[in-house]
């Protein structure tokens, strides 16, 4: 009944899940004439949805600060996870299905145990809202991105940030690994889409094909294609081997907020501010682009063919040596307090545009200085006292310290909870043993008292 914020296919290829601003989770059964299930439980916008690797669970995140784990059946039972102190923007399973990773406006990335259904640990180095977090296919890394204009890589064994990419002109809105775990793709509110090689920690492809912020991306399982959904109402299909835009899809009336390939890659889905979920068949790898253009020749405004400016730089193949003249525009490094001021001056927009730019958040900042990824220093009005910058910086530092302290307390509380559970379990075992021992002694005593005595 409202904008569709997220979508994901069940690995069993029989269901599609979508979450909406209307606070409901829809499970669409793809079998002919099969009914859809509507699950209600969240108290605010559903921002993320992800099926477990085996398809028996589906996780959702919400602006109500909670994560829910649902059974995608007629009963629709759910378990609530609570640890975030602000809106949760994304949720994703690890590839073994044992862990969940979430990203939140409380500037943290949290990892949860699915089996124990509890919080495990936090990752706290982002300095602003975190928009998206994903596990690598082998589970050894987590990639996250957010409004601090950075993409961070975390080592799940040491809990340390091992790399940080910070060349975005605006908020980093989405990040994901390819199926081999060798690359990540990231999208931004500055209309750019970038592919990073994790083996060399270098930017290898940079696309500027949308005319508005990008809200969601998805790798094809073959790693040869990538789709993106944008607030410009279009879906773009990129050929990563040839390094170019191959198709532009028009179907939504308003921002495209979610795109997702099926696990087999034969289908993909899109959700938009128009409240629709569209399911598409993946046939773009079988039809030549020029043939499709000829079929669309009757349209008044056919899509223009791709050109050199679609990609910077234009590379023939991912595995070929890349030109040495790759230019990555550096981002102006502002003070944390300056950026905090910029973040505080977010402005609202229409319902569709707001949902598109923010992926469900209220008050997305609409940077007027994001033209072509360029940024400029924030100017403080001359009427303010010179000490304002120092005071704000001190406040932000204290907030960061408080966030780290809360993270440590969360981990200690989790450990204490585990210890208490072990103690209670051990105590119950001891009580059972004591009762069994007392029962055996009573039976022995009763047997001795009741037995006849024979004298010879």
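Glycine too: its Cβ is placed from the backbone N, Cα and C atoms.
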Stretch carrying region 'Disordered' according to TrEMBL (options 415-435, 436-456): 436-456
231-269, 348-386 - the one TrEMBL records as region 'Disordered': 348-386
Integer average pLDDT (0 to 100) for the repeat 'WD' (123-164): 93
Residues of the repeat 'WD' (165-206) by DSSP state, where helix covers H, G and I: 0 helix, 23 strand, 19 coil
Outside the repeat 'WD' (39-70), six or more residues from its ends: residues with CB under 8 Å to it: 5-12, 14-15, 17-21, 23-27, 76-82, 84-93, 95-97, 100, 102, 104, 112, 114, 117, 359-361
